[in-house]
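Working notes for the structure below.
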Amino acid sequence: MTMSKSTQATAPDQKPIIVVKMGGSIIDQLTQEFYDSFSELLGHYHCIIVHGGGPAITSLLTRLEIEGEFHKGLRKTDEQTLEVVEMTLGGKVNAKITSELLKQGIKAVGLKGSDASLITADYEDEENLGFVGKVAEVEAGILYQCLNAEYLPVVAPLGKTKTGQTVNINADIAAGAIARAVQAEKLLFVTDVPGILREDEVIEHSTPEEIQSLIDHGWIYGGMIPKVQSAVEALSDKLEEVMIVSGKQALIQGDRMKGTKIRSKRKEGVE
Ligand SMILES: Nc1ncnc2c1ncn2[C@@H]1O[C@H](COP(=O)(O)OP(=O)(O)O)[C@@H](O)[C@H]1O
Ligand SMILES: CC(=O)N[C@@H](CCC(=O)OP(=O)(O)O)C(=O)O
């Protein structure tokens, strides 16, 4: 279970916290409509961004002629691969998102999960996956300090083990763990599809039970699996709703967010 350490600062008041996971699949395709509606969202929430970058890592590995391998959806990360992961997530992708937000007039500050004990991790499966981490503890205080100072933290999904080894963490899992640790009220996965699809139709409302059945029947596969699993794990009395939305369009259309809403069964239908 993920622990939260928040001794250094208190949670910001006035506005609730939203954690937004920006998928690597969409980072290069985010539209102006998306940014405009995102800016609108910032009027209602303190926001923390956690980003992916899987496609950018794969592309650099290919250019360097390093063979990539996935095991149960997680990238096998040897020493060479870790070097590329750190350069890509902590360097290129983090800088790209932060710069774009600054251009939009948003005070974004780039952080690596491996900075200042933000994310302490254990090995996921050292034998089969190498330097891949699972989140053990998140130091919420660092993020609270940013939010209290009106900065928007943009977090790269890297962590440090207790012995100081940097590890690669799946961004969906990092986002869920951070949302729990900071007691976020909402968690949003921004990706390249308009929500969970079944026969090309967006499922507007879903529950953990339905999601399990969609996985069991093969309707949910690949990169959508860690996303929905992380969504289901993040649900709590505090975090009642997780959404999966597209970054190709405005987040809010009319007066509501477009995409798939995931809530526990007993909360479903309760707005
Ligand atoms: N039921 C589903 N509905 C929508 N997308 C799905 C579904 N099952 C699998 N996917 C796949 O999941 C992808 C999104 O996951 P991923 O590529 O890991 O994105 P990200 O980089 O945003 O995390 C979609 O582009 C799609 O190919
Ligand atoms: C351990 C592991 O698999 N880490 C991921 C981290 C990036 C990520 O999750 O990016 P997306 O959100 O774009 O998929 C990877 O190396 O691809």
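Note that Cβ sites are derived from N, Cα and C of the backbone, with glycine treated the same way.
Keep in mind that TrEMBL annotations are predicted by a computer and have not been checked by a curator.
Between the candidates R75, R180, R198, TrEMBL assigns the substrate site shared with G53, G54, N168 to R75. Less than 8 angstroms from the CB of G54 (substrate binding site) sit G24, S25, R75, A171, G223, each of them six or more residues away in the same chain. Calculated from their C-alpha atoms, the gap between K227 (site 'Transition state stabilizer') and N168 (substrate binding site) amounts to 16 Å. Each residue contributes its Cα atom, and for N168 (substrate binding site) and K21 (site 'Transition state stabilizer') these two points are 16 Å apart.
Apart from G53, G54, R75, N168, the substrate site neighbourhood in this chain, defined by C-beta within 8 angstroms of the site C-beta centre, holds G24, G52, I57, T58, V85, T88, L89, P157, N170, A171. In sequence order, G24, I27, T88, L89, K92, V93, A156, A171 make up the list of same-chain residues 6 or more apart from G53 (substrate binding site) whose Cβ falls under 8 Å from its Cβ. The average pLDDT for the domain 'Aspartate/glutamate/uridylate kinase' (17-246) in the predicted structure is 96.
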